[in-house]
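Per TrEMBL, the features are as follows:
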type: TRANSMEM; residues: B:24-47; note: transmembrane segment
type: TRANSMEM; residues: B:67-93; note: transmembrane segment
type: DOMAIN; residues: B:70-273; note: domain 'ABC transmembrane type-1'
type: TRANSMEM; residues: B:105-128; note: transmembrane segment
type: TRANSMEM; residues: B:148-166; note: transmembrane segment
type: TRANSMEM; residues: B:252-272; note: transmembrane segment
Amino acid sequence: MDLRIKNVRKDFDLTPALHDVSLDIASGELVALVGPSGSGKTTLLRLIAGLEQPNAGTVYFGQDDASRLSVQDRQVGFVFQHYALFKHMTVLQNVGFGLTVRPRGKRPTAREINERARSLIELVQLAGFEDRYPSQLSGGQRQRVALARAMAIEPKVLLLDEPFGALDAQVRKDLRRWLRELHDVTGHTTVFVTHDQEEAMELADRVVVMSRGRIEQVGAPDAIYDTPASAFVHRFIGESVELPVYIEGGMIRLDGIAIPLSAADEPDGPAALVFRPYDVAIDEVDRATYPGIAATVVASRWHGRGRRLELAVGAGGHSMEIDLPPDVAPPVDSTLSVWPTRWTLYRPSGASLSHPTPAAAASMVSPIQQMAVAQ
Amino acid sequence: MADLTVPSAPVIRSATTEAPATRIALVVAAFGFLSLFLFLPLVEVFLEALRNGPAAWLAAISEPDALAAIRLTLLVAAIAVPLNVVFGVAAAWAIAKFEFRGKAFLITLIDLPFSVSPVIAGLVYVILFGSGSLLGPWLKANGIEVLFAVPGIVLATVFVTFPFVARELIPLMQEQGSSEEEAALSLGASGWQTFWRVTLPNIRWGLLYGVLLCNARAMGEFGAVSVVSGHIRGLTNTMPLHIEILYNEYNFAASFAVASLLAGLALFTLLLKTLIELRFSGGLAPSRGH
Ligand SMILES: Nc1ncnc2c1ncn2[C@@H]1O[C@H](COP(=O)(O)OP(=O)(O)OP(=O)(O)O)[C@@H](O)[C@H]1O
Ligand SMILES: [Mg+2]
């Protein structure tokens with residue numbers, strides 16, 4: 001079942017929760033919705049499920065205009081952000097519910113329902129909990145019951161609203177892999193919401209980044225990470241450093257001082273210079289030979305497999321953090337010259353300028369090599 | 001930090017040492033007041049009812065007019081309570097699960113019977129259906145009797161008892177939200193299936209509680225019913241009206257005998273209510289956390 005969302009708008013009490021959102025999801029795709037709290041992820045999911053009606057625009061299920069399909073007809077499995085388990089039913093009854101409410105002709109026998117429910121409960125590793133009530137389960141267990149309940153109806157589309165939100169890191173990892181495998185086996189079209197960008201990048205075929213009711217970017221995880229379409233995506237996906245700069249006659253100035261990056265042909269005006277913490281080169285020895293951005297080391301600490309430096313840069317003392325190989329250890333309070341090797345300029349107009357362009361990036365020397373050259 | 005916690009401890013202790021005396025005084029005052037104004041009169045009702053022995057009590061309540069009054073009271077309750085269960089559930093559903101204009105007004109309207117004197121409610125029906133009204137002649141022409149007949153009594157009772165079920169359910173349903181209903185719908189359940197299998201089980205204790213209170217009031221209502229009934233013995237007298245008539249005729253023993261039935265109903269309702277509350281807190285509270 002492929003889904004098409006066309007120019008959908010949704011207002012709550014006149015404040016828009018979604019503006020003009022369009023998105024195509026291919027049959028069998030696993031798509032992640034990410035974005036800050038309140039960006040409209042749940043609202044989009046509810047619109048697809050039919051729990052909410054758009055104020056404008058259309059949702060298509062295959063060729064069908066979904067506005068003519070009721071919630072029941074859409075056959076979506078929905079896992080709610082807060083589980084919404086039936087409090088007065090046991091785990092077994094919860095999972096079997098979707099089958100017991102089918103019209104008489106299509107309803108499996110009580111025994112079949114029982115078997116189906118039990119096998120799903122086993123699948124989500126809750127065997128032995130069949131007769132418990134939701135109030136007697138932990139958050140993670142409830143989440144898995146909600147998942148099993150949604151899958152029991154063999155949905156054409158599985159919609160998951162933060163399905164792993166309440167789980168600890170280890171279970172989360174297991175379930176993540178389990179969901180991916182399950183998706184590969186069943187081939188359901190799956191859309192899941194997460195605020196964990198790592199989870200989205202690891203699990204999804206495509207990632208949809210949302211902000212303030214709009215889709216900022218849609219793409220494969222790699223593409224989103226490597227070529228963010230906006231400063232917001234750059235900031236939201238992965239770590240980034242951002243400096244407020246001003247462009248004047250093709251020169252980029254930070255606090256009025258030109259830095260050795262060029263933006264030829266760019267119109268004058270303010271911009272945000274954004275780069276990854278590890279896409280930088282430094283020169284500790286001689287500021288005069290490598291006129292980068294003047295920086296003072298504020299702190300230096302271990303981070304992952306390398307070293308993270310906290311710097312104060314420019315005349316304005318902007319704080320920024322960069323990652324360096326562990327063997328480079330400039331002392332605290334020393335001054336450096338720093339410059340990004342891969343960076344993007346984002347203009348307030350929404351335009352952006354990447355340097356080097358993604359294709360050229362592969363041929364660039366790495367920051368470490370550059371440093372060797374510099375010294 | 002450590003410095004701050006040490007001096008605060010004696011403050012807490014002194015706050016709790018003073019409490020028991022106050023607490024005992026309050027509890028005694030409350031019990032004293034209740035026994036003086038509620039418990040003693042109730043005991044008195046039963047003592048008066050049985051003053052001439054159980055045989056006289058039995059005779060008083062099995063005399064034809066008394067039986068007719070009991071039958072009418074049961075009939076009125078049997079019509080008014082189910083009606084108000086349906087209205088109450090529908091109103092609570094609308095208020096708790098939908099957003100619409102005029103919601104605050106609807107809530108106020110539901111409370112109206114609580115704020116208006118029952119006598120006025122009765123008078124409204126007299127004005128609405130009496131011979132001088134617009135509806136009066138038409139009703140008369142079609143042979144429909146509302147005033148001084150069972151339909152009028154039922155209407156007055158429905159009016160007076162309307163808030164009980166709705167008032168009980170609105171906060172309950174508001175607290176529960178509609179996420180379980182949405183889950184049921186997304187799993188393919190129809191509207192009816194969702195109501196019977198998800199909504200109703202979730203509100204059943206609150207609903208039963210509301211029904212009990214509604215029933216107690218329906219059987220005990222005096223003011224509104226008194227205005228519309230016409231006090232026709234054996235025909236339009238409910239139990240409270242019958243009690244009043246007997247009392248006015250200085251037939252105290254018979255009056256208290258019938259009164260003891262109503263008082264018994266009240267005690268029974270209280271007992272059930274307490275049982276439900278025990279069940280309520282034991283059965284629903286733990287699952288409220290999520
Ligand atoms: N029923 C509602 N009534 C009014 N406003 C709503 C309603 N539901 C959502 N909103 C608003 O719409 C916006 C989007 O909400 P939504 O629940 O889709 O966010 P979300 O991306 O899922 O956030 P989170 O990550 O916190 O779950 C928010 O500003 C929210 O306040
Ligand atoms: Mg959400």
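Placement of Cβ uses the backbone N, Cα and C atoms for every residue, glycine included.
TrEMBL labels come from automatic prediction, so no person has curated them.
Each of B:24-47, B:148-166, B:252-272 was scored by its Cβ pairs under 8 Å to the transmembrane segment (B:105-128), and the highest score goes to B:148-166. Long-range Cβ contacts of the transmembrane segment (B:252-272) within its own chain (Cβ-Cβ under 8 Å, at least 6 residues beyond either end) map to 42, 45-46, 48-52, 56-57, 60-61, 63, 66, 69-70, 212-213, 215-216, 219-220, 239-240, 242-244, 246.
Taking residue pairs at least 6 apart in sequence, the transmembrane segment (B:148-166) and the transmembrane segment (B:67-93) share three or more C-beta contacts under 8 angstroms.
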